[in-house]
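Taken from Swiss-Prot as is:
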type	residues	note
MOD_RES	Pro6	4-hydroxyproline
MOD_RES	Pro7	4-hydroxyproline
MOD_RES	Pro8	4-hydroxyproline
MOD_RES	Pro9	4-hydroxyproline
MOD_RES	Pro10	4-hydroxyproline
Amino acid sequence: NYQYSPPPPPKKKYY
């Protein structure tokens, strides 16, 4: 069975 993987959390860009 194909398991749906939730999208990764948004990455915050630190400058």
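Any Cβ shown, glycine's included, is placed from N, Cα and C.
Annotated features taken from Swiss-Prot, shown on the structure.
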{"residue": "Pro6", "record": "4-hydroxyproline", "contacts (Cβ under 8 Å, 6+ apart)": "none"}
{"residue": "Pro7", "record": "4-hydroxyproline", "contacts (Cβ under 8 Å, 6+ apart)": "none"}
{"residue": "Pro8", "record": "4-hydroxyproline", "contacts (Cβ under 8 Å, 6+ apart)": "none"}
{"residue": "Pro9", "record": "4-hydroxyproline", "contacts (Cβ under 8 Å, 6+ apart)": "none"}
{"residue": "Pro10", "record": "4-hydroxyproline", "contacts (Cβ under 8 Å, 6+ apart)": "none"}
